[in-house]
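Heads up: the structure comes next, in structure tokens.
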Amino acid sequence: MEEDEGEIYQGVRAHFPATFGKQSKSVTPLESLHNATRRPSAVDTDQSTPNDDATTTTAKGFPSLSSSSKSWLDSLKNSNPSSRNRSSPNPDPDPNPNPKPNNDVVIGPPRPPLNSVNGDDDGDDDEDGMIGPPRPAAISEEEEEEDAEMIGPPRPPPGDSDVEEDSDGEGEGRFRIPLSNEIVLKGHTKVVSALAVDHSGSRVLSGSYDYSVRMYDFQGMNARLQSFRQLEPSEGHQVRTLSWSPSADRFLCVTGSAQAKIYDRDGLTLGEFVKGDMYIRDLKNTKGHITGLTCGEWHPKAKETILTSSEDGSLRIWDVNDFKSQKQVIKPKLAKPGRVPVTTCAWDREGKSIAGGIGDGSIQIWNLKPGWGSRPDIHVEKGHSDDITGLKFSSDGQILLSRSFDESLKVWDLRKMKDPLKVFEDLPNHYAQTNVAFSPDEQLFLTGTSVERESTTGGLLCFYDRAKLELVSRVGISPTGSVVQCTWHPKLNQIFATIGDKHQGGTHILYDPTLSERGALVCVSRAPRKKSVDDYEAKPVIHNPHALPLFRDQPSRKRQREKILKDPMKSHKPEIPMTGPGHGGRVGSTKGTLLTQYLLKQGGLIKETWMDEDPREAILKYADVAAKEPKFIAPAYAQTQPEPVFAKSDSEDEEK
């Protein structure tokens, strides 16, 4: 039986292209990996009716060659022995005649002859129904139809989606938003406020309110999704904007400090722009920003030019090769003299215009031309009622999108900026870095929302149709974290959204295995390396001499004082000597007040004789007592003192 099945597989294999078997082997584990990263059901993620139809298509699961072909082969495998058992009453003679016909005809022609030979007596009706070969031929036609659908696995999904596009006309079927799967790049401890993906889609930068920048590399990252480098550009300052250069060999980092930094592709510092003199009143005379930066962006075409905006009320254009002074200082037009912060800035696609969002709610646009100054070419006084957090030009230079703290997203026509084309409201925004982004074909634009205390919805990613100016889809990203930055990468066809709160932050990557390329697909399929039996890791011997009491560091003086105060012996105040001036040997200590002490002295009850006594007489007063009772000096030498030997006087000798 095993030989029979093997030969059947060889015959079936001849109907498929040479790469069919290899492709099925490689795709099967990938499918299981992508199933692990699939997003929840449509009820949890999508809340708009247009996208409900779209999510039902994703809930079906993406069609894959491996799953369909495997099920078809399994059906073939199961059908062979069953048909064989049904057709032939004796299963033993089957292996003998089968090999020859299988070599000539692939899809089971041997079985009809067996049916006709073994069942001639019984099979008159069967011959009318089967006629031997015709029934396999019918089976082969059905299988050929299945082959026509299954041989090109990439083609059936677009065909199905084309039908859905014609029927739906809206939602994911039309715009093909990659939403089926999701991974999260973790590592930050607070909200992720800055995001930058290089143009090739291989490296991702994320900056956070925890003052750090993390660098991720899809090509070198495995399924653990760990960053390969962490930076802290400016100690104690939030990271507000990250931007890659056009060649992706350097990136700009804008923090809450007044100095922007330039790093190379590997995270090494190349330079830091100078800080201006805060005591100079005119901002055009300072060499740099004097207060914290709010936004910054690299020129889309020029490799050496960047743009920054600051809370000092100015925009500045810098040359990357000169960190000591800026090229141009732009002061926005204000209704009243003063300093109003510039909250955000943006280049257009060609780098010929600059847009700035001013703290008073106005939007100002400058066209770069010879001899241009700070006077804006387009000035919308009351663009928003609150600070503007994000601006985005369309590639054709006709549309400008603006996002603000006033919970609105406005679409402007650059040819007439008096009134917006459309205002989308009820979009909560609590972060100054919340931006707007276009899809790769610019048929859609998207933005994120923040989480409010009383609302039941979490952080959402809202998609809008540019042509119809209406909501297309609303996707739930995080139930507790606000969506701040978002971007839709054109080469990867993957959507990046940064979320977070005061306790944690991350970057969510939405993708679809049938629509997206590289990026998240590469790192998800790369499993972490398994430990081998032959792996050896020497455990280092840690020598810590300070663990011994002899080498321990002395405690601080403060701790020493606290320890001494707790010791009753060391903290005891010594007694004052009993002898001396005052009552009972204590100066100024009496049983009464000073008044009573004075009265007692006047009355003669307290006598202080030491002031009137002669010191010589006071000492000689103890001379007789010391001679009778040698208490101090004599007893110390009583046992060791030799007996005195006195010389005899000469007078006695003379007398003799």
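The backbone N, Cα and C atoms fix where each Cβ goes, and this holds for glycine too.
Remember, TrEMBL labels are computer predictions, not curated facts.
Not measured: the values here are computed from a predicted model.
Of the listed segments 289-311, 312-334, 634-656, TrEMBL assigns region 'Disordered' to 634-656. Counting same-chain residues at least six beyond the ends of the repeat 'WD' (185-226), those with a Cβ under 8 angstroms from any Cβ of the stretch are 33, 232-244, 246, 248, 251, 253-255, 265, 267, 431, 433, 481-482, 484-487, 489, 491-492, 494, 496, 498-507, 509, 518-520, 522-529. Counted with DSSP, the repeat 'WD' (185-226) comes out as 0 helix, 21 strand, 21 coil.
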